[in-house]
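Q: Sharing a structure here in structure tokens format.
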Amino acid sequence: MKVWGAHGEFCARHQWEVIVATLALLACAASVERNGPGNRSEHCAGWARACPGLEAEYQAADAVIMTFVRCAALLYAYYQISNLHKIASKYLLIIAGVFSTFASFIFTSAVASLFWSELASIKDAPFLFLLVADVARGARMAKAGWSAGEDQGKRVGRALALLGPTATLDTLLAVLLVGVGALSGVPRLEHMCTFACLALLVDYLVFVTFYPACLSLVADFASGRKEMSPDSPFSEADLKPNPVVQRVKMIMAAGLLCVHLTSRWPWSSDNGIIEGPTDTLTPTSNDNILLHSYVKWFSVSADYIVIATLLCALIIKFVFFEEQRNWVIDMNDMTVKEVVQEQARSKPKFSVGDDSNSEVSTQTEGVLEDEWPTLSPSSSAAKLNSKKRPMAECLEIYRSEGACVSLSDEEVVMLVEQSHIPLHRLEAVLGDPLRGVRLRRKVVGARFQTELAIKQLPYLNYDYSKVLNACCENVIGYVGVPVGYAGPLVVDGKPYMIPMATTEGALVASTNRGAKAIGIRGVTSVVEDVGMTRAPAIKLPNVVRAHECRQWIDNKDNYAVIKEAFDSTSRFARLQEIHIGVDGATLYLRFRATTGDAMGMNMVSKGAENALKLLKNYFPDMEVISLSGNYCSDKKAAAINWVKGRGKRVVCETTITSDSLRTIFKTDAKTLARCNKIKNLSGSALAGSIGGNNAHAANMVTAIYIATGQDPAQNVTSSNCSTNMEVCGENGEDLYVTCTMPSLEVGTVGGGTILTGQGACLDILGVKGAGARPAENSARLASLICATVLAGELSLMAALVNSDLVKSHMRHNRSTVNVQVQAENITLKVPTL
């Protein structure tokens, strides 16, 4: 397996080298001189002239057998195309068919012409390739090569590691089986079988060398295109062979090998040559020659009439009568199970706009999947269709295996309903996250009578392996949030497209308008890595002991001991400060530490816990009340975060010219500065706001948080922002704007950043993963968020002074259902006095 994987990865990573080398060998084989003096065959003059040895082609047995072979090839090709149409998208069908049939045909013809010139030009070669080509194997390879996850080379290598041994055994068995035809004694069939054996061998070599390289190359060119991705999720179970079938194939191969050894025994006849008289047909008259020609023409015509009729029938059936359905394929045994889908269509009418009476009609289609029973990647059709076994037997299988891989979906649900399997552990027990989510949806829907509602919640085409034990539990699906972009927004001299995930209309458009006003001048930012905090609450017997404990911690030498214990828990967490709050005999130890590119809550909690264990050695009478005493303060509006900071402290500034204010915002600097003072400063102070001296910073913060996999609940603290506006410039017509955000809690590793979509948004910003220096990427993300907040603040303030807020929300954020028809039938009763 490792050898196959390494070979496949090599071919995928050295695409051009493998392709060029293969084509070079093809060119060499095609250019070799084959027509030597003794190899040129004699041709007969005239189509009606009888030639020696030619009559064998028109023997009755020969014609019947060849017609049967050609028809079988057409039927098998039709079967292959039908199955491929169900396996995946039409693109996999095209690529697998081209590379498995056309490439192998070209290479086999070149090799055959090099060694056996009489085999290279046989007219039944296309039928042979239809009969021996395994297009489904190429489709499986393509589906695995385009699955999500590792890089292209590793995906192709893993697929070849799973398919390589099976392909080797299948090729060996096919060569031995087809080789039996070479012992039939029918000349044409012998030639065809010899050519077919050669075709199988060359097709195998193309599959393990040329095909992986081409597949990797096509995948690189088509990366990011939705239509080129597989229609159903890929699982390694799709490629794993059935061990029982493999053993049967090995037994068959051994038996066929014995047949070949017996039939081809070298001393079965003298010199292995069967001698016999050679009959030649000598025409006696022109009438006999003409009659013989008619007979030959009729036999050939009858042969092709049968084949043409069959081919036309198959084409008509496939094009006009083939029913288009959705199928799910078990890739192990090519068993098909139909999945019927309900389609619910509704056509609501919406009125959108200001005073316009025009109606915008939209049609939405909701697809409700019929989930029971569905063929999952890890369960076979036999398991789904088999009779449900008794509870005791299923329970014994589950306890003996420690898993439910061999149980059907109905049997697993039965164990869940009887409380033998916890509902939250389905993914771990089944070993298949997607199947676990699907069965949980079934159980929850039946238990709470919400089947129809759950069916409307999407769950397919999502990598739940990244969610498990990292982001969410009891998963039943996912909610798609639209992601828009604002920009380009120039920050510190570099333009960025800012991804924002939101369902609030006008937010992205408003932020984009602010970015346009900022223009090429851009935003200048400064970032300070304050560090994440955690504040355990500890209690001492009395205030004297509490005072002694506080003094002990404040001592520099003792602090160094605590810092060493704290820092030992992580490669990145580094303790910066212990700020102590006192309430009677209770101490609140606010540990503040830098955490690299991670947001760092878990790091700081782990370090604080280890520091408390050390402190317990010096103060045995100390009691740990809680690892978090709300003095941190996490996910709550608190002045301590506003004053001392938490996470990243960011300050951004920019200057908007008077021209931009007039043309884009339709206002001036004095108006905006006056509104900012009255609204953001005086109004927030009158309301007693903590860190709320801004227009709507939380909007931009939360939208970017959702898009980039941050903790959305952290927006409570992270949205602390002070927006200031001042007039500036020679004539006092320009506007100087600053945004100060002292507690932006962000990270580019861990948490939701590991998910595919969120990671893509981080990649758009160029801050995915850990930076070259600790906290480099997280600090850059914090500065981009603050700059986006500044752009959004500008746009909203301009909309407020121009009374554009309601108008823009009516246009972008308010879709009113047309209730005119319902309103006509409303009767209003007015009570009499």
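Note: Cβ is positioned from N, Cα and C throughout, glycine not excepted.
Got these off Swiss-Prot a minute ago, pasting:
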ACT_SITE  E504  active site, charge relay system
ACT_SITE  K635  active site, charge relay system
ACT_SITE  D711  active site, charge relay system
ACT_SITE  H809  active site, proton donor
COMPBIAS  354-365  compositional bias 'Polar residues'
CARBOHYD  N680  N-linked glycosylation site
CARBOHYD  N715  N-linked glycosylation site
CARBOHYD  N720  N-linked glycosylation site
CARBOHYD  N813  N-linked glycosylation site
CARBOHYD  N825  N-linked glycosylation site
REGION    347-374  region 'Disordered'
REGION    420-833  region 'Catalytic'
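Could you give the neighbours, burial and distances for every feature on this list?
A: Following the DSSP three-state reduction, the secondary structure of E504 (active site, charge relay system) is coil.
Using a 10 Å Cβ-Cβ cutoff, K635 (active site, charge relay system) registers 16 neighbours. Secondary structure from DSSP puts K635 (active site, charge relay system) in coil.
Residue density at D711 (active site, charge relay system): 17 other Cβ atoms are found within 10 A of its Cβ, drawing on all protein chains shown.
In the three-state DSSP scheme, N680 (N-linked glycosylation site) is classed as helix.
Within the same chain, residues at least six positions away from N715 (N-linked glycosylation site) with a Cβ under 8 Å of its Cβ are A698, V701, T702, Y705.
Residue density at N720 (N-linked glycosylation site): 29 other Cβ atoms are found within 10 A of its Cβ, drawing on all protein chains shown.
Looking only at the region 'Catalytic' (420-833), the predicted model's pLDDT averages out at 92.
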Q: Please work out the number of neighbouring Cβ atoms within 10 Å of the Cβ of E504 (active site, charge relay system), leaving out its own Cβ.
A: 15
Q: Measure from the Cα of N680 (N-linked glycosylation site) to the Cα of every one of the recorded positions E504, K635, D711, N720, then give the nearest.
A: N720
Q: Would you count the other CB atoms within 10 A of the CB of N680 (N-linked glycosylation site), including those on all shown protein chains?
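A: Within a 10 Å radius of the Cβ of N680 (N-linked glycosylation site) lie 23 other Cβ atoms.
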Q: Using DSSP and collapsing to three states, where does N720 (N-linked glycosylation site) fall: helix, strand or coil?
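A: Coil, per DSSP.
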Q: State the Cα to Cα distance, in Å, between E504 (active site, charge relay system) and D711 (active site, charge relay system), rounded to an integer.
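A: If we compare the Cα positions of E504 (active site, charge relay system) and D711 (active site, charge relay system), the gap is 19 Å.
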